[in-house]
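According to TrEMBL, the protein has these features:
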- 28-448: domain 'Major facilitator superfamily (MFS) profile' (DOMAIN)
- 29-47: transmembrane segment (TRANSMEM)
- 67-87: transmembrane segment (TRANSMEM)
- 99-117: transmembrane segment (TRANSMEM)
- 189-207: transmembrane segment (TRANSMEM)
- 256-273: transmembrane segment (TRANSMEM)
- 293-312: transmembrane segment (TRANSMEM)
- 324-341: transmembrane segment (TRANSMEM)
- 347-373: transmembrane segment (TRANSMEM)
- 380-398: transmembrane segment (TRANSMEM)
- 422-444: transmembrane segment (TRANSMEM)
Amino acid sequence: MSILPSYFKPAPPQPQKSKEEVARLYPQLRLQILSATFIGYGTFYLVRNNLSAVAKEMQGALAYDKSMIGDILAISAISYGLGKLLMGSLSDRSDARKFMAFGLLLTACCNFLFGAVENFPMHLTLWAINGFVQGMGWAPSGRSIGHWFSIRERGSIFAIWNISHNIGGGVAGIIAAQSALHWGWSSAFYVPGAIALVGSLFLFLTLKDTPQSVGLPPIEEYNDDYINPAIRENLHETELTTRELFINNVLNNPKLWLFAFANFFVYIVRYSMLDWGPTYLREVKGASLEDGGIAILVLEFGGIPSTLLIGWFSDRVGGRRGMVSLLCMIPILLAFLGILYNPAGKLSIDMFCLAVIGFFVYPPVMLLGVAALDMTSKKAVGVAAGFVGLFGYIGRTVQAKGFGAISHYYTELGAVEQGWEVILYSIVGCTLLSIFLLAFTWNIRPRA
C-alpha cells in the first residue's frame, strides 16, 4: 500500500490531442516546465544556503561555537541526503506539480520557525526537518525534465536547469547577509521564507506533471529519440514496483555505486567553501560580513557559464560524464592550493580562487546527477539521483561536523590559522580522491 496521500498521485493521462495541437503545445509547455523548475529549484536554495552567511552572527548573538554550527550544518546535510533518497522514490510516483510546491511551502515554514527561536536543540531539529523536506525539490525537477526532455537533450537541458541553484544559492548569501546587517540574524530566515511562500504558489500554478497528463505523447515519441532505435514499445512508460526501483535499478547497478562514491568526495569539496568559506575569510583573511556574502555569490555564480558549456560538451562526447567531471577537478585542486598559500590582505586573490572553484565544481555536481539518470530507467530517475545524492550529502555531513570540530578544537588552543590549514589540506586530499575514483568512470556512457 502506498504511503502517499491520494492528493499527490500522478496526474492521470488525458486523451491525446490532435497533431496540430501537439505541435503547438509541446514546445510551449517544455519551455514552461523548464522555467518553472528553474525558478522553483532556485528558490529552494534561498531557504537552504542562508545559514552559512550568518553563522558568525548567530555565534555572537546566541553564544554558539563553531562546533554547534557544524552540528546544525551536519544534521541538515544528512537529513537532506536521506530526504532526497526517500523523496526521490515518492516523487517517481507523484504529481510533480503538487509535490514540489508542497515541499517549498514546508521549507518556508521551517525557516520562519528557525528565525523565531533562540534555542540550540530547536534549531538543530528545525534545520534537520528543513533539510529533509528540501529533498522535495530536486526529485520532482528531475522527474519533470526526464519526462519532458529526451536522453540526447539531457546534458544540455540539465546544464541550463542546474544553474538555478547557482543563482539561488548565490543570491541567498547576499539576501541573508543584507537582511542580518539591517534587521538582525533572524531576518536572514524570515525574508527568504517569505520569498519561498510566493515560489510555492508559482510552482502550483505553472508546473505540469507528465506530457500524457495534458494529452501529449511521450517525449521519445514526440522527438523520435529512442537511444536504441529498435526499441519503440512503451518500456519507458511502465510503472516500476518498489523492488524494481531500489533493487534492479539502484543496488544492483555497479556503475551507479561508482558515481555515488565519487560524489561523496565531490560534495566535500563543493560544500567546504559554501559552509565555511565566509567564516574562514573573516577569521583568517580579515573579510567583513558583506565580504562573506559576496564570497558565496562569487562561488555560486562562477558555476553558471561552465555548467552551461560543460553540460553541452558532455553530450557532444557521447555522454561521458565521468571523464568531463575528472577534468574539472584538476583546476579545483590548484585553486585550493592558491587559497591555502595566499597571505592575508590579498582578498581579491581568494575571491578569484573561489570563482575558479565555483566555475569547475558545479559541472561535476550536475554531471554526476545526470549520470545517475543515464544509468537507469526514466521511471526511476528520482530514486537513482537520490541514491547518488545521498552519498554526496553524507560527504557534506562529514565535512560539516569534522571541519567544525577541527576549527573549534584549534580555536580553543588559540591556533585558529593552524586549524584552517588542517581543514584546507583535508579538502585537497578529498579532491585527489575524487580524481582517483572518477578515473574509473572515464569511458562510461549512457546505457542503451
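All positions are counted from 1 along the displayed chain.
Cβ from N, Cα, C; glycine included.
Model, not experiment: these values are computed from the prediction.
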Selected stretch (most C-beta pairs under 8 A with the transmembrane segment (67-87)) from 29-47, 256-273, 293-312, 324-341, 380-398: 380-398
Recorded stretches the transmembrane segment (347-373) and the transmembrane segment (189-207) touching, at least 3 CB pairs under 8 Å: no
Stretch among 99-117, 189-207, 256-273, 293-312 sharing the most Cβ pairs under 8 Å with the transmembrane segment (324-341): 256-273
Outside the transmembrane segment (422-444), six or more residues from its ends: residues with CB under 8 Å to it: 255, 258-259, 261-262, 265-266, 268-269, 272, 276, 280, 320-323, 325-326, 329-330, 332-333, 336-337, 339-340, 364, 371, 395, 399, 402-403, 406-407, 410
Same-chain residue ranges lying at least 6 outside the transmembrane segment (29-47) that approach it to Cβ under 8 Å: 100-101, 103-104, 107-108, 110-111, 130, 134, 137-138, 140-141, 144-145, 148-149, 157, 160-161, 164-165, 167-169, 171-172, 175, 189, 192-193, 195-196, 199, 202-203, 206-208, 211, 214, 216
Intrachain residues whose Cβ lies under 8 Å of the transmembrane segment (293-312), provided they are six or more past its termini: 49, 52-53, 155-156, 158-160, 162-163, 165-167, 169-174, 176-178, 273-274, 277-278, 281, 287, 324, 328, 350-351, 354-363, 365-367, 370
Close approaches to the transmembrane segment (380-398) from elsewhere in its chain (Cβ under 8 angstroms; 6 or more beyond its ends): 73-75, 77-78, 80-82, 84-92, 135, 138-140, 142-143, 146, 240, 244-246, 249-250, 253, 256, 259-261, 263-268, 270-271, 275, 365, 368-369, 371-373, 430
